[in-house]
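What Swiss-Prot says about this protein:
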ACT_SITE  265  active site
ACT_SITE  306  active site
ACT_SITE  363  active site
């Protein structure tokens, strides 16, 4: 793995030889672990040039628009697989056989119920609390209800916790929504698949149970797949860092939810809807497109381009197809959705956006789909957290399965040098 060497020359010091590591794909990595012995650290705010870990789970090539889960292109998984099969893949490294899939799906279904006492836990939150605030609290509290699987050094405990989290996230997410509306919380149904069950718990009531549209269930399943993992982003890195301290899995996932809540990370599709609100009407599109082109104007078109993908977002094509299917299924006459489709058409053909590869991304289409299905904007990041849980827990599992150290980033200190304490009476 370390076939090459790099040499670091620091003025006044002897050259330092550092191993260069090569992965199966992607850039080579300079191993700086030996640098500490020389009395030097590296400085990389935001870790933009730092590989914090070795991983076999997800690979991204932003320049080529590639996203692979365990080697499989995301487009193929979204088209040919389903969410629980993708979960199995992320957790175990290989696609399941028919028997393995049946057993895994059955295990997840057996864990979808939550402890009845958890319902009373919700009463401690205001009904108008942001759903992500409630999610952070409830998921963190699961360790108080399921403390029979908290030994992180026991592979069986880790597996049970992973299954419980994947199974219970849709139930808890739907409970959060129902609590905010003052409606009765719905129990999961084992005769429904993962996405159908979520929509059932979100939109059905004890007095009226409607069949779930296969088109909407498929759309929801694809949203889950397309958000299942995205390598070492802020929330995944947070989960790994929390996990490195030996924290229990529920606490680690709660930390990931907290990081995802940040608008710079998990709020992108929510920002798309806010932008559409700001534009207001189809007649205003040209004006706002010009504002987006003006470098001196603070207005930005949300849901176009991507920080990682410099060419195109491989998830966006699948999401656009899904968006078209949902809108056709529902036949909604919504001015905001009409505005979104018009904006998409302009951005896909305007030379300014085409030349800069500012195409609609997965957040643009997923926001439209979720709104069309009837999910309120405040729940968008909750859906993201639900889908991303398998990615977080897979990275947590991977870290604990091998040698690891507690995360301890260093700093470039620029504060005061040592000084003596001054008594209060002597301070100017």
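Even glycines carry a Cβ here, placed using N, Cα and C.
Sequence features annotated in Swiss-Prot and their locations in the structure.
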residue : record      : DSSP class
265     : active site : coil
306     : active site : coil
363     : active site : helix
Least buried by Cβ count (within 10 Å) of the active-site residues 265, 306: 265
Local Cβ density at residue 363 (active site) - other Cβ atoms counted within 10 Å: 26
Distance [Cα-Cα, Å, rounded] between residue 265 (active site) and residue 363 (active site): 11
Cα distance (Å, whole number) from residue 306 (active site) to residue 363 (active site): 10
